[in-house]
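As C-alpha cells, the structure follows; a few thoughts come after it.
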C-alpha cells in the first residue's frame, strides 16, 4: 500500500502520540532541571571549599606573622648596638660587625620621662668639632607622623648628608605593632635590617620606598612578599632573610632598648645630643632646629 493510501491516525491515536511527545519533553525538561540543580549545588560546594581554603591561608599567614618571637637572635651587620644605621655621603654607611642580642637582658622602664625631659638615649651625643653634625631619628614604618617627617624633611636630610654636613642615623623600632593586624612595624623593620646586613648601599633607597609606599595605620600593612618585592626592585634579594624572620629578635631587642632609654614615641629626633620638640624647640620646625645647630657649629 502506498503512503498516500495509508489509513489516517484516529483521533485517539493522535491524542496518544501528542501525550507521549509531551511526556518526553517533560521528562527531558525535568532531567535538565535536575542536572542544573546538581551543577548549582556542586558550584556552591566548590565555592565554599575555595572560601574555606582562602580563610585557612589567611589565618595561617596571620598566625605565622603573629607567632611569638624569640628573645635572642643575630644582629645585622652595619647596624650599631643602639639599633641604628648611620648613613653618610651617597650610599655609604658606617660599618658595624654582626653580633647577637637578647631582649630579655633589657630592663623594663620603671618610669617615663616627665614632660619636657629629654630621653636618655645612648649614642646621640654631639659629634666632635670639625666633624659632620650627628642626627639620630627613631622611626616606626607604620607611624603616619614619621611618614610626614620623611616627606617634609627627607630630601633636605639627604642633601645635607651628601654634602658632608651631617651623618644621619635611623633607628627603626616597633612601638606600633598593635596598630596593624600583622605586626607590620616589626616585619618592616626586620626587612630593613635584612637590607642593612646584605645590601647596605641599598638601605637609604629601601628606607625611602617604605615611606613612599607606607600603609595606613590600623591596616594589615604591606605583606612580606611586597616587602621582598620592594627590595628586589632595588637589586636586593632578602627573601630568605624575611622568610626566616632572621632579624625579628633584633627588632624586639632594639624596641625594648629604645623604651629603656625613655623614648616614648616616633619620630624622636636628636641633633648633636639635643632632642627636638622639647624645651626651646617645642614649637620649632625640625629644619630650623637643625639649621641652628649647623650655624652654631660653623661659628665654633
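Please read every residue number as a count from 1 along the shown chain.
Using the three backbone atoms N, Cα and C, a Cβ is placed for every residue, glycine included.
Summarising the annotation, TrEMBL assigns compositional bias 'Basic and acidic residues' to 10-31. Residue counts for the compositional bias 'Basic and acidic residues' (10-31) under DSSP (helix as H, G, I; strand as E, B; rest coil) come to 21 helix, 0 strand, 1 coil.
TrEMBL lists 39-59 with the feature transmembrane segment.
In the compositional bias 'Polar residues' (72-84), the DSSP tally of helix, strand and coil residues is 0 helix, 4 strand, 9 coil. Taken from TrEMBL, the feature compositional bias 'Polar residues' covers 72-84 (among others).
Beyond the compositional bias 'Polar residues' (97-118), the same-chain residues lying 6 or more positions past its ends with a Cβ under 8 Å from any Cβ of the stretch are 71-77, 81, 197, 249-250, 252-254, 256-257, 259-260, 262, 264, 274-275, 278-279, 282. What TrEMBL lists as compositional bias 'Polar residues' is 97-118 (among others).
Look at the domain 'Thioredoxin-like fold' (132-276): DSSP puts its residues at 78 helix, 20 strand, 47 coil. The domain 'Thioredoxin-like fold' feature in TrEMBL is assigned to 132-276.
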(request) Would you kindly list the residues that approach the compositional bias 'Basic and acidic residues' (10-31) from elsewhere in its chain, counting only those six or more residues past its ends and only Cβ-Cβ distances under 8 Å? (result) none
(message) Which residues of the chain, 6 or more past the ends of the compositional bias 'Polar residues' (72-84), have a CB below 8 A from one of its CBs?
(response) 93-104, 121-123, 136, 169-173, 193-194, 196-197, 200, 203, 246-250, 253-254, 257-258
(request) Averaged across the domain 'Thioredoxin-like fold' (132-276), what pLDDT does the model get? Just tell me the whole number, please. (result) 98
(request) Please spell out the DSSP helix, strand and coil residue counts for the compositional bias 'Polar residues' (97-118). (result) 3 helix, 4 strand, 15 coil
